[in-house]
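Quick notes on the structure that follows.
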Amino acid sequence: MGSKTLEDERHMYQDRDSPSTAGSKSAGGEPRGTHLSRDGDGCVGGDGGSNDDDDDDDGDDAIDATTALIAAVVGSVGSANASKQKKKRKRPKRKQRSSALKQSSPPRVPLGDLFPSGDYPVGQLLPYGSAFDDTTARTRHGAAESRNDRRQHRLNDATVLNDYRKAAEVHRQVRNWVQQTVQPGQTLTGIATGIEDGVRALLGNAGLDPGQGLQAGLGFPTGLALNHCVAHYTPNPGHKDVVLQRQDVIKVDFGVHVNGWIVDSAFTMSFDPTYDSLLAAVKDATNTGIKTAGIDVRISDVSAAIQEVMESYEVEIRGKVFPVKPVRDLCGHDIKPYRIHGEKTIPFTKNSIQTKMEEGEVFAIETFGTTGRGRTVEGDGIYGYGLSPHAPKQVSLPLTSANRLYKTIRENFGTLVFCRRYLERLGCERYLAGLNCLVSNGILEPHRPLMDIPGSYSAQFEHTILLRESSKEVISRGDDY
Ligand SMILES: [Co+2]
């Protein structure tokens, strides 16, 4: 979920995708079918949870585990060619094993069943750039030490890390299903509820009883922004549903949290190779942001690197060439427990923000690129609502339904951003007056859709990274993006 700036504030990975990749459907700028993971397994790193969690890991555990899984399958195909008898003998064993590991489609197998050990796959571990090592050492002995120690403690906590990795694995498995099944002709409500039902099933938490939603669930309203709608669109009940078209570019942005540790990750899909270089530009820019980020790195340096890469791309749409522009009024952001937008923001264009990233912090590194103006205006309707930072524990407003609704929001979402669909599945009825009353009293903050100019196209890629002492963990990394 992108962080909005004020208008005047301005706020390993091995591949560098070729803008010319062609395919009928792509997620992450790559044609469908090029990914080994899209073999119906639906499970990244699904090796039963043998990953260790040592700081001296050399990285890519989740990806290695998948590669191992694929290698096992490829290996057995190879040996089957060599000996038919062998193939016959081996088949039942293989079948048994893979069915025990398999995520269903739609995803409904709780993650706990796929990882009986309870240990979830480690994200991609990236070393910090050597240029920053000296300053890192200095910070640790500097004035910020006690603050750092406190944060360090949280990300070094095995339970916290495992919760974070679980949320990330749920994200990977659900998005894998999205990438394999979403097609033009489907409605945005169908896609959104498909994602949300999948997340809840894999977490083993329906989120219907008071307090359940705070244990684990959706991190924010599922974003399904099309074309010139850059961000913050989710289908609302009672509104005319939108049907996905073949020409559409769709940003899929959803969050998963476990005990308040939110994974915020997004990708873009298109069904027409025309947009491949737009998707490739934004994916490259996001990966550049991830590569540049680190302990003691200035935010202005991350922004500059992102902008340079993004602006090196152009996209030809129906005979006209457009430069890919970074969107100026959206930002990457830090993430706090139960709070999707912390205090720090990472714009995608040159700025003078001297603030540094710090050890123990969690960041959503995301970028948006567009063929439009590179600035957004608010669109119609509301995407979601979040408690204002100054919201009181209890309210006593003249409207009784507002007070009742407030209690429901506190119990089920706390400071997590939610949407009207989430209220309705809890059984809330005739809540609109109460909702508007909480907004007009400054207790709830509304988030509106953000639009570039009509006719333009925009894309988004986003990962959540943990700035741990020894390395940055790209917790939401998969073999898709
Ligand atoms: Co975000």
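Even glycines carry a Cβ here, placed using N, Cα and C.
All annotation found in TrEMBL is predicted automatically rather than curated by experts.
As the structure is a computational prediction, the values presented were derived from the model and not from experiment.
Among the features that TrEMBL reports, region 'Disordered' is placed at 1-64 (among others).
Residues annotated as compositional bias 'Basic and acidic residues' in TrEMBL: 1-18 (among others).
TrEMBL lists 32-41 (among others) with the feature compositional bias 'Basic and acidic residues'.
The region 'Disordered' annotation in TrEMBL covers 77-116 (among others).
As annotated by TrEMBL, compositional bias 'Basic residues' applies to 84-97.
Taken from TrEMBL, the feature region 'Disordered' applies to 131-152 (among others).
What TrEMBL records for 164-383 is domain 'Peptidase M24'.
Less than 8 angstroms from the CB of HIS341 (substrate binding site) sit MET1, SER3, HIS333, ASP334, ILE335, each of them six or more residues away in the same chain. Sequence annotations record features per position, and here TrEMBL assigns substrate binding site to HIS232, HIS341.
According to TrEMBL, the feature divalent metal cation 1 binding site maps to ASP253, ASP264, GLU462. In the three-state DSSP reading, GLU462 (divalent metal cation 1 binding site) counts as strand. The C-beta environment of GLU462 (divalent metal cation 1 binding site), restricted to residues of the same chain at least 6 apart in sequence and closer than 8 Å, consists of GLY2, ASP253, ASP264, SER265, ALA266, PHE267, THR286, GLY332, ALA364, ILE365, GLU366, THR367.
All protein chains included, GLU366 (divalent metal cation 2 binding site) registers 30 other Cβ atoms within 10 Å of its own Cβ. Residues or ranges marked as divalent metal cation 2 binding site in TrEMBL: ASP264, HIS333, GLU366, GLU462.
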Candidates near ligand 1 among the binding-site residues ASP253, ASP264, HIS341, GLU366, judged by a Cβ under 6 angstroms:
ASP264, GLU366
Given the recorded divalent metal cation 1 site (ASP253, ASP264, GLU462), which additional residues of the same chain have their Cβ within 8 Å of the Cβ centre, ordered by sequence?
MET1, GLY2, GLY223, PHE254, GLY255, SER265, ALA266, ALA364, GLU366, GLN460, THR464
Which are the residues of the chain, ASP264, HIS333, GLU366, GLU462 excluded, whose CB is within 8 A of where the CB atoms of the divalent metal cation 2 site average out, their centroid?
MET1, GLY2, SER3, ASP253, SER265, ALA266, GLY332, ILE335, PHE363, ALA364, ILE365, HIS463, THR464
